[in-house]
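The structure appears right after this line, and notes come after that.
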Amino acid sequence: MDYKNTLNLPKTSFPMKANLVNKEKVFLEEWEKMDLYNYVLEQRKGKPLFVLHDGPPYANGHIHIGTALNKILKDIVVKYKTMRGYRAPYVPGWDTHGLPIEHRVSQELGEKIKEMSPAEIRKKCEEFALRFVDIQREEFKRLGVRGDWENPYITLKPDYEVKILDVFKTLVEEGNVYRSLKPIYWCPRCRTALAEAEIEYHDHKSPSIYVKFRSKEDPNFFIVIWTTTPWTLPANVGIALHPDYEYSVVKVGEEKWVIATDLLDAFSKETGIDCSNVVEKIKGKDLEGKEFVHPIFDDKTSRVILADYVSLETGTGCVHIAPGHGEEDYIYGHVQYGLPIVSPVDEEGRFTEEAGKYKGMFIEDANEVIIEDLKKKGILVHASSITHSYPHCWRCKGPVIFRATEQWFISVDHNNLRQKVLEEIDKVKWIPEWGRNRIRSMVEERPDWCISRQRVWGTPIPAVKCKECGEVTLDPKVIEHFMKIVEKEGTNAWFEKEVEELIPEDFVCPKCGKRSFEKMLDTLDVWIDSGASFEYITTKREDHPFPLDMYLEGSDQHRGWFHSSIFLAVAKRGSAPYKEVLTHGFIKDEQGRKMSKSLGNVVDPMEVVEKYGAEILRLWLASSDYFNDIKISMRIVEQQTEVYRKIRNTFRFLLGNLEGFDPELDRVPYEKLLTIDRWALGRLQEIIKRATEYYDSYEFSKVYNLVVKYCTTELSSLYLDVVKDRLYVEAKDSIYRRSAQTVMHEILIALMKILAPIMTFTMEEVYSHLHEKDRKYKTVQAEYWPEYKEEFIDRELMEDFEKLLSIREDVLKALEEKRQQDVIGHSLDAEVVLVPKNDTIKALLEKYRDILEELFIVSKVSLSDASGELKGELVEVTVKHAEGEKCQRCWKYTTEISTSEDFPGVCPRCLAVLKGERK
């Protein structure tokens, strides 16, 4: 007789195949229709706020795997906090000014750009930026990221530009902004100043030369310097020695050379010059003020100064000083000693007339010519080359130079700003903790902030220059007047209007009292644009109070957005703009290499999405320890499809076996649950507790590992396998089946919620297949986090089960051995004989005697004192084929097979079920 129709086999419309690529688009449409973002916020009305403030990506291209990683991480945090009961708004932003966009636009325009006005170029830049805002918006939405996509903040919008100027005005009012001729990073290809945050370090091959400077007093007395920038020698005005280092005066032929004693051996080894004849030892301070002949221009001199930054790591301990081309040179040479600033290099990196015969040469091309001239003069001691880490432009990737120009700066020490920032850093929670020391050291060491750029695409610095006396003025009254214009017309007005319209009617030159001005055309560093986002978001959005709860970006932002934001916020508001800062690493390829088009190892997130679905990308991210650098390749991503399949199958099994289960009417109270079910419910509480702890510490890879292990080893291979018999065989409404279903229902709901922040599409699909009584909201994203219930953990039961599951492992090994020997096929063919190792284990097995067959999925379990075949830690195990006949309904063996006419060939349990006698 075929009993198949008498079994409670799983039934569900939840498909086995995910078809993610198409299914995700369906959910995106549904979320759009329900206005998901506002709907979820509405469900948390009146709840405490948690605000993750979005660091704006740059709108100059499609999203890449790094920006995808960042947005998904933020989405996981926001969705988790929402489920924990917070009102968690998320307003995306875009950074839209600056050189990279202007660079791309100039490439597109080609020669035409030379005929265009600044206002026309700016219009093209705006169109370009907004085009990519729209492109990136759709790409981020495709990743399943929930946000206020219709109302983002965009740094080029007039209402945002006003806030940039407002923050800037505060700095001007407080006296932190000044103008000065100083050496700053300069990109000769992009023809603009650069800030520290716009610098990248790459290996670069440079000349390495030793040059001797002749004393003006004694033609045979020389100081030997070492430099890797021969092109800066025309700008030389001094030589720096350390005041306290010991220097040796070495006899070389008829000449005496000064070299730091500790560097003599290294110098000799590199140059091949014998330095053993030391005639005198002196301190650096002994030579202070002495004058030496300029290495390039014989009519100029070079003065010895003292500087404690001089090191004994490389070179000679004697440093050539050019205040026009170096930060320390400027501080020690110009500020402390009053040496002149010579900077004979124009904006394109070519020498000016001041450089004499080198005029018109590009600086790097001039290196060889200068070295040859030094050789002819007989003062080149040694020349070679060196590969070292050197600053490069973030945009064009070319090497930069230090060049002295008139620029605007923010003084980081005026009004004790640096110290206040350091104090605020210590009040912030940094995750990982090392972020605190990283940003602290950067703030402690940073120079004043060069904030002016010689480009048109940016927020203009509203400074004016008096035509009568040449005074350049940056006045809060002018900034405020301009802000009112910007509110209505945007910052393009600065480039379109006459200067008289841009300044207050009563404004005159503070130096000469005249009212005849011209506009200055410098623009602000874009790090001020993005750094002022706290001011915009907290004044424009009621649901974004200051300070904001969290900033979450890559670890490079310790010197970027985290850095600029805290300086501007402390200046404007007196405190850090964030309470918590979370950083992630960078994405590398499978071999740990940086992604680059030249290596052909770039993984396009949208390609992954179109091939596998956004869910797989989200799952890959959750599997990664993102605090460190993360590896990715299409192969690595593909591995997640198998993990995804296992998780999906777990949900399908749960849904299939809960078909017809009414969570209100069919639930079994805890005290009536069967033993195995009570254990499983206790384990679920432990899973909920650990998952919550991991989410709270943002350790999503631990959530992933916990859930994957739970689904595969505890559910599929253990609990769900064990209860299949009860689910399929017992009466539909019996306590045996309902007890298992009650716990499976708890598992389904909790697991769905735990995975919802990560697997946002699939858990929405699971939610749509729940019993209507389980769907309180239109979306799983509005649900509350599963509650950890201590009362569901029976400590004694949990401890007992640790031992029982250890015994089960031994039983499974013994079963497998007999399967290999063809003694049994399915485990239900077996009878297991257990020999406990001691009385404690014997008592344990006696205590749980009634559930052992179910737990081991065998037909019979008996205890014995005889020796067993497999020696385990707690028991010895013998497996033999079960006696009797196989029940045609449940496949268990019994010696009491039914001969009933109505239900022949079944065991007593199945007979009772079929007769309706087993409840």
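Here the Cβ of each residue, glycine as well, is placed from N, Cα and C on the backbone.
Checking the ranges 57-67, 112-122, 387-397, 871-881 against Swiss-Prot, the motif ''HIGH' region' annotation falls on 57-67. Of the candidate ranges 29-33, 594-598, 799-803, Swiss-Prot annotates residues 594-598 with the feature motif ''KMSKS' region'. CYS890 (Zn(2+) binding site) is 60 Å away from LYS597 (ATP binding site) when you measure Cα to Cα. Among the binding-site residues CYS887, CYS890, CYS907, the residue whose Cα lies closest in space to that of GLU553 (L-isoleucyl-5'-AMP binding site) is CYS890. Classification of CYS907 (Zn(2+) binding site) by DSSP places it in coil, neither helical nor stranded. Summarised by DSSP class, the composition of the motif ''HIGH' region' (57-67) is 3 helix, 1 strand, 7 coil. According to its DSSP assignment, LYS597 (ATP binding site) is coil.
Excluding the listed site residues CYS887, CYS890, CYS907, CYS910, the same chain places VAL729, GLN888, ARG889, TRP891, LYS892, THR894, VAL906, PRO908, ARG909, LEU911 with Cβ atoms within 8 Å of the centre of the Zn(2+) site Cβ atoms. CYS887 (Zn(2+) binding site) carries neither a helix nor a strand DSSP state and counts as coil.
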